[in-house]
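A quick write-up on the structure given underneath.
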Amino acid sequence: MKIAILSGKGGTGKTFVAVNLAAALGKSTYVDCDVEEPNGKLFFKPEIIEKKKVTIYLPAFDKEKCVGCRECVDFCRFNALVFIKGTPIVFPEICHPCGGCKIVCKYDAVSEEKKEVGEVLVGKSGETHFLSGIMNIGEASGVPVIKELLGSIPDNRNTVIDCPPGSGCMVMESIKDVDYCILVAEPTEFGRHNLEMVHQLVTVFEKPLGIVLNKCTEEENPSKDFCLENKIDIVAEIPFDKDLGRDNSNGEIVYYSNDKAKRIFNVLSGIVEKKVCQ
Amino acid sequence: MKIIIPVNEDKGTVCVSFGRTPLFLMVDLETKEREFIVNPAADAAGGAGTKAAQLIVDKKADAVLTPRCGQNAAIVLDAAEIKIYKTTSEDVEKEIEKFNQGKLEILSEIHEGFHNHGFSK
């Protein structure tokens with residue numbers, strides 16, 4: 001099974017939940033799709049076995065062959081191509097790159113230029129198979145790196161995908177093929193607002209989902225209220241706990257170091273396995 | 001000479017957005033002919049600036065009068081040698097008049113640092 005861990009905002013505890021759930025699942029794969037700022041490696045401290053460069057192909061136009069029919073420019077739904085003075089021009093940061101312009105060109109005027117956009121790290125840490133990606137500085141989108149990451153997942157074990165924060169393209173790419181989504185939320189109004197957004201996104205994708213309420217205190221919990229009001233499954237409530245906070249901040253996988261955490265994540269992994277099998 | 005201005009649906013005020021403006025007003029200063037053009041990029045998912053700028057290029061305008069212009073749109077207009085002038089009020093008629101009197105300044109801040117970006121070799 002493939003589980004995605006998401007949150008509307010950063011700092012709710014996505015990586016905390018993803019890392020410890022992967023640990024609780026034993027022989028599993030942890031995938032860090034937060035390619036802008038991957039930090040799963042701080043916890044797993046993996047031994048890196050392989051590094052793969054991620055490349056994309058941007059269109060390049062042969063001025064000799066181009067007849068100026070504009071088929072490619074009209075085809076590009078991302079508006080990454082413009083037609084000026086008889087030649088198409090590409091805007092690399094808008095280009096997705098789908099290769100459509102090359103396909104629609106009847107005059108063989110479009111070729112592909114290779115561009116390196118990031119890197120994928122493959123490693124291991126104890127029983128855990130570790131995958132992490134990072135974008136090159138200056139790149140506009142991490143989607144190509146995420147695609148490469150997802151394509152590197154071995155299919156013989158359970159997988160936990162640590163998503164980027166938010167509800168944009170990179171998150172959508174990360175959850176496309178998962179069996180279940182865990183939304184991590186914190187007990188604030190801002191947390192609720194962002195939980196609502198990411199809940200909406202996962203609903204559009206028609207994925208089964210459950211909420212992990214993190215950093216719970218005795219005080220009010222707007223995120224929990226949202227779940228109760230909308231009858232959304234709460235699969236774990238993790239207390240706001242000094243020991244967990246300290247150990248996690250020190251880069252420890254609390255599943256291994258803290259009995260309380262071990263119980264919480266064993267229960268969570270059991271619930272998730274049951275939900276996926278349903 | 002033909003100039004284009006992003007205008008709101010009221011057709012009398014300048015739109016603050018270039019790429020997402022609902023309409024463009026094209027004025028031929030010689031013939032006084034006017035045309036309102038629906039902006040095909042107004043609700044584009046992405047790349048609104050380039051798409052709107054492409055329209056300006058295709059309409060063979062010589063100048064754009066706008067309060068703001070994004071980097072990508074500026075690159076397109078610059079490549080097509082279309083000048084961008086900065087409007088300073090909402091009033092379309094006033095801005096056209098100011099342009100006629102040579103009182104509008106070039107929207108200079110976007111030119112810096114954007115050259116040679118986004119071009120294929």
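Cβ coordinates come from backbone N, Cα and C, glycine included.
Please treat TrEMBL annotations as automatic predictions, because they have not gone through curation.
According to TrEMBL, the domain '4Fe-4S ferredoxin-type' annotation covers A:57-86, A:88-115.
Counting only same-chain residues 6+ beyond the ends of the domain '4Fe-4S ferredoxin-type' (A:88-115), those with a CB under 8 A from a CB of the stretch are 55-62, 64-67, 69-73, 75-76, 78-82, 140-141, 143.
When the domain '4Fe-4S ferredoxin-type' (A:57-86) is classified with DSSP, helix, strand and coil residues number 5 helix, 9 strand, 16 coil.
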